[in-house]
Amino acid sequence: MDGVEVVIVALFVSVVVLAAAARAINVPYPIVLVIGGAILGFVPGLPDVQLDPDLVLVLFLPPLLYTGAFFANLRELRTNLRPIALLSIGLVIATVLVVAWVAHTLIDGLSWPAAFALGAIVGPTDPVAATAILRRLGVPRTLVTVLEGESLVNDATALVAYRIALAAAAGAGFSLLDATWDFVWKAAGGIAIGLIVGWVIAWVRSKLDDPLVENTIGLLSAYAAYVPAEHLDVSAVLAAVTVGCYVGWQAPRIASPATRIQGFGMWELLQFLLNAILFVLVGLQLPVVLDGLDGTHWTTLLGYAAAISAAVVITRMVWQQTVVFLIRAVDRRESVRARRSTWQLRVIGGWAGMRGAVSLAVALALPLDFEQRDLLIFLTFAVIFVTLVLQGLTLAPLIRWLGVIDDGTQESHEELKARLVATKAALARIEELKAEEWTRDDTLDRMQAQYEYRKRRLAARAGKIEDDGYEDRSFSYQTVLREVLEAQRVEVVRLRNQGTISNEVMHRIERELDLEDQRLEI
């Protein structure tokens with residue numbers, strides 16, 4: 001095999017092995033990927049990897065941004081808009097300034113533009129690992145919402161700062177007024193393009209009824225907003241985020257059930273693959289990066305890495321604890337006071353500021369001739385490594401120690417209420433259909449009995465009726481039905497193996513059985 005084939009094989013084998021390892025030890029996969037990627041770079045025999053900086057951002061960033069935005073809860077984002085804005089704009093700017101000062105002071109010969117570029121690169125957070133841990137431990141949902149909302153917008157803030165730093169490095173001047181206007185203009189333009197593209201995408205998808213075509217359009221939506229915004233010199237990040245939010249909000253109206261079922265799995269797989277490939281690619285580039293730092297002693301490099309990582313972590317922790325006093329001084333409304341977080345939640349929010357794929361992509365997008373490019377990539381990887389491994393592995397013990405665990409009662413109550421309301425709507429519609437001439441009474445009676453059973457089961461779970469035996473009956477029903485479904489699978493596979501039915505027929509029946517199996521989780 002030639003070099004390209006070796007890299008491709010190594011890439012995908014590494015992704016599979018590292019993902020399996022993460023699942024086996026019950027650790028969020030980004031933590032394992034960053035460790036595995038670093039190790040992989042030093043495996044003998046693997047060829048050097050050279051990535052086109054202009055291609056990295058365009059290829060990886062749009063779908064990563066779109067996926068996060070598509071599944072965002074817009075209602076909760078609006079409710080928590082102030083803390084999200086303070087983190088995604090204020091904290092990013094503070095991080096850029098602090099990291100730039102530390103880097104410029106500590107590293108001989110590092111110019112201010114390069115130092116600001118480093119601050120912008122490590123400014124945005126990646127909530128994948130943090131939210132996986134927070135959800136598993138049952139931390140209050142508001143904290144998860146704020147972290148996810150922060151990650152949607154802080155990429156835009158960081159990238160504007162990054163562009164300004166690149167322009168300054170190329171010899172352009174800097175003006176605070178111009179930078180502020182530039183940020184506002186780029187943000188407004190990006191949101192406008194995202195809304196326009198989102199409306200067009202939603203209209204087109206509403207006219208289609210083909211899951212493959214619809215999900216392909218969904219995949220291209222991110223690029224359809226990102227690329228024009230990039231060419232028009234407005235915020236491509238906010239364009240991708242906006243189109244994701246818009247299409248995600250409209251999805252229940254414009255997408256068929258088959259499209260949604262197919263799409264959920266597709267987006268989850270895509271997000272995982274993009275994150276995994278980025279981490280492994282950076283790992284493969286580490287030897288090249290370190291070769292470019294051959295004149296710097298390894299103890300000096302570790303000192304730089306420790307200082308920059310500490311600056312990132314400490315800035316976030318201090319911001320989380322101090323900015324709340326500013327809010328209290330400015331706004332004393334009762335509604336604001338009721339939403340105030342505890343110091344324990346602020347500590348967790350501060351410790352959950354891990355960096356990830358976006359910082360990697362932006363670092364790799366630095367021009368090949370950029371000042372001390374190899375050092376900036378190394379420091380970016382170091383910050384990601386420290387925040388993911390150190391904070392990622394200690395976040396769960398910290399949460400348990402602080403005792404900030406939500407039993408999930410509110411979310412469970414909301415879900416049960418929604419299911420119960422939907423079931424009542426189904427029963428009401430069945431009653432209406434009984435008056436229609438084209439319906440069959442036996443069909444409606446059978447369906448009505450099923451929904452009455454579901455209604456009683458949900459009401460019992462919600463505590464609306466007394467039924468101590470519903471859990472035992474539900475477990476018995478699920479167990480029996482799974483046995484019945486498995487018997488059908490075995491028989492269908494046997495028919496395929498005997499040549500009685502085709503592979504296509506087997507897969508169609510198997511899919512129906514799988515969907516019925518999945519319904520048992522409800």
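Each residue, glycine too, has its Cβ placed from N, Cα and C.
Note: TrEMBL annotation is automatic and uncurated.
The model shown is predicted, which means the values in this text are computed figures rather than measured ones.
Check TrEMBL against the ranges 31-49, 240-258 and you find transmembrane segment recorded for 31-49. Looking at which of 6-24, 55-72, 84-104, 183-204 has the most CB pairs under 8 Å to the transmembrane segment (348-370), the answer is the stretch 55-72.
Remote same-chain residues near the transmembrane segment (84-104) are listed as 77, 110-112, 114-116, 118-120, 122-124, 146, 149-154, 156-158, 161, 304, 307-308, 311-312, 315-316, 319, 323, 327, 379 (criterion: CB distance under 8 Å, separation of at least six residues from the stretch ends). Sequence-distant neighbours of the transmembrane segment (269-290) (same chain, 6+ residues past either end, Cβ-Cβ under 8 Å): 7, 10-11, 14-15, 18-19, 29-30, 33-34, 36-42, 46, 48-51, 60, 63-64, 67-68, 128, 219, 356-357, 360-361, 363-364, 374, 377-378, 381.
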